[in-house]
Amino acid sequence: MSNPQKALNDFLSSESVHTHDSSRKQSNKQSSDEGRSSSQPSHHHSGGTNNNNNNNNNNNNSNNNNNGNDGGNDDDYDYEMQDYRPSPQSARPTPTYVPQYSVESGTAFPIQEVIPSAYINTQDINHKDNGPPSASSNRAFRPRGQTTVSANVLNIEDFYKNADDAHTIPESHLSRRRSRSRATSNAGHSANTGATNGRTTGAQTNMESNESPRNVPIMVKPKTLYQNPQTPTVLPSTYHPINKWSSVKNTYLKEFLAEFMGTMVMIIFGSAVVCQVNVAGKIQQDNFNVALDNLNVTGSSAETIDAMKSLTSLVSSVAGGTFDDVALGWAAAVVMGYFCAGGSAISGAHLNPSITLANLVYRGFPLKKVPYYFAGQLIGAFTGALILFIWYKRVLQEAYSDWWMNESVAGMFCVFPKPYLSSGRQFFSEFLCGAMLQAGTFALTDPYTCLSSDVFPLMMFILIFIINASMAYQTGTAMNLARDLGPRLALYAVGFDHKMLWVHHHHFFWVPMVGPFIGALMGGLVYDVCIYQGHESPVNWSLPVYKEMIMRAWFRRPGWKKRNRARRTSDLSDFSYNNDDDEEFGERMALQKTKTKSSISDNENEAGEKKVQFKSVQRGKRTFGGIPTILEEEDSIETASLGATTTDSIGLSDTSSEDSHYGNAKKVT
């Protein structure tokens with residue numbers, strides 16, 4: 001593979017990728033038709049068979065002409081926009097950027113997993129047979145042919161063949177592929193009899209369909225954007241919970257427990273590195289001071305003692321590590337927390353409330369999940385700090401006699417600023433760190449620019465390391481509300497000084513709580529304005545989308561609905577009214593109210609007839625498939641859905657309801 005890019009271009013320009021399947025399908029259809037014609041009873045005249053053969057040949061000629069036209073226009077085929085479907089301009093974009101597929105049940109599912117042992121009905125997916133008509137091939141196994149799921153994936157075998165031949169004879173290879181595809185489509189045109197033609201074409205088709213090795217099917221289901229969609233999950237399709245806790249864990253508490261586990265592991269590893277470096281250095285300094293005191297006792301000269309004391313400024317204590325180990329340790333702790341949270345498979349491993357908030361604003365993260373994420377992250381950080389303090393308590397007591405009121409001990413679990421920094425500089429430090437973290441995270445998880453997610457943990461390691469190595473001096477780079485507030489609450493629970501935790505340094509505790517949030521929003525905004533191209537971000541929304549959201553929020557406020565409920569007569573929108581006030585409402589007010597969804601006709605003797613009714617799509621009651629047509633009795637929905645609601649509404653007659661927007665129902669005889 002001397003030039004992979006050139007090989008890929010040659011492959012995309014080849015018409016056989018698109019015409020091969022169509023010619024194979026035509027051959028299958030021709031062979032089945034001719035097989036039926038050859039199996040007719042013997043008392044039929046031969047003229048009928050000849051006519052059928054002539055018709056088949058004519059059809060083949062027309063299909064060949066069409067195939068030739070498709071091949072001629074293949075260079076103008078737009079591979080990027082082949083699955084493009086325009087959406088309404090006022091519709092809010094969704095965070096899923098891959099199409100949804102359906103298997104046997106027919107219901108669309110979000111593409112999220114890799115199921116290596118799935119049983120797929122190839123009739124439902126491919127709408128054709130890729131192998132011999134056996135029961136096992138239809139249910140348990142299938143060849144690696146193009147399916148609905150893999151139709152947009154390149155044929156890797158052909159790709160490598162093109163790559164090997166790209167530097168020698170690319171044109172001859174292209175012509176050979178075209179001639180092979182056209183020869184397959186013309187297989188029935190040169191045959192003499194219909195029976196022989198049907199047997200030959202059927203044999204060739206079966207041989208072509210059995211070229212690929214048969215194996216267990218694998219369904220690739222990418223993630224949504226806020227879950228780093230390029231990393232799949234591997235879960236057997238036969239898996240199911242076998243106890244109550246497994247059911248609860250995989251339904252209600254799945255994402256909460258993932259964030260709890262990941263944040264707890266991150267805090268334990270990260271704070272343990274800081275404790276090891278600082279406590280080991282403190283104990284080493286204490287031992288050095290004891291050695292100096294022994295020199296004074298033995299009567300050493302003053303010059304010798306001064307020279308030994310100067311070593312404290314020249315040589316750093318490295319018994320448990322240095323400052324570089326802290327930055328490296330925190331970077332590794334974040335990556336290990338990411339994996340312990342399930343990576344991108346369960347919750348996306350945010351481990352940071354500011355990351356969750358930025359995904360909510362810029363990546364379509366569900367609002368209802370935010371409290372679970374915040375709770376899991378905060379409780380996980382609290383638990384991790386508490387476990388670590390219990391583990392290191394004896395060592396802390398040995399190194400620091402006043403551990404409960406020593407800021408150096410508290411700084412091993414939460415962050416503290418330099419004493420000479422003002423509140424404004426403290427806030428700006430955390431704001432900048434949070435912005436850089438969020439911009440880097442969006443850059444690493446951008447599906448439109450990040451070509452591979454295999455190196456995502458390594459890139460995240462580098463990002464956390466460079467932030468801690470370059471921005472940790474002033475305030476300690478909390479960058480995370482849970483990382484600072486959780487351990488701070490844990491230290492307060494075990495008896496640390498109240499003023500040291502909540503009062504000192506101009507009440508610094510609020511800075512790691514507010515600064516990372518605003519910084520993450522600003523960092524995500526700058527990245528989306530400059531780089532991001534997806535429609536999930538509000539930066540890339542159109543103006544009608546904003547207008548629709550504002551109008552919807554305005555007319556759905558509680559005061560508006562309460563004030564206009566008596567005047568509303570239509571379910572099409574929340575802001576429609578009756579006629580003008582200058583009309584006479586005497587007759588309307590005389591009508592009785594009804595709670596049914598349909599208006600009964602004034603003619604009691606009129607027989608109920610079936611009608612084709614277009615169900616109105618109402619705000620808050622939208623259906624998944626658009627506007628369905630239903631066949632119901634007259635006294636169910638009818639056209640009175642515009643004149644009556646489930647609550648108290650004025651019952652209108654059939655004539656008045658049929659004059660409304662969607663009241664033109666057609667009677668079925």
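Note that Cβ sites are derived from N, Cα and C of the backbone, with glycine treated the same way.
Since we're looking at a predicted model, the values are computed, not measured.
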Report summary line: From SER13, SER150, SER576, SER636, the annotation phosphoserine in Swiss-Prot is attached to SER150
Query raised in the report: In Swiss-Prot, is LEU491 on the same membrane side as PHE428?
Result: no
Report summary line: Residue among THR148, THR168, THR251, THR594 with Swiss-Prot annotation phosphothreonine is THR168
Query raised in the report: If Swiss-Prot marks one of SER134, SER209, SER656 as phosphoserine, which residue does it mark?
Result: SER209
Query raised in the report: So which of SER212, SER537 shows up as phosphoserine in Swiss-Prot?
Result: SER212
Query - Winner by Cβ pairs under 8 Å against the transmembrane segment (370-390), considering only 255-275, 326-346, 447-467, 507-527 - result: 255-275
Requested in this report: Kindly state the mean pLDDT of the topological domain 'Extracellular' (1-254) in the predicted structure.
Outcome: 51
Query raised in the report: With DSSP helix as H/G/I and strand as E/B, how many residues of the topological domain 'Extracellular' (347-369) fall in helix, strand and coil?
Result: 13 helix, 0 strand, 10 coil
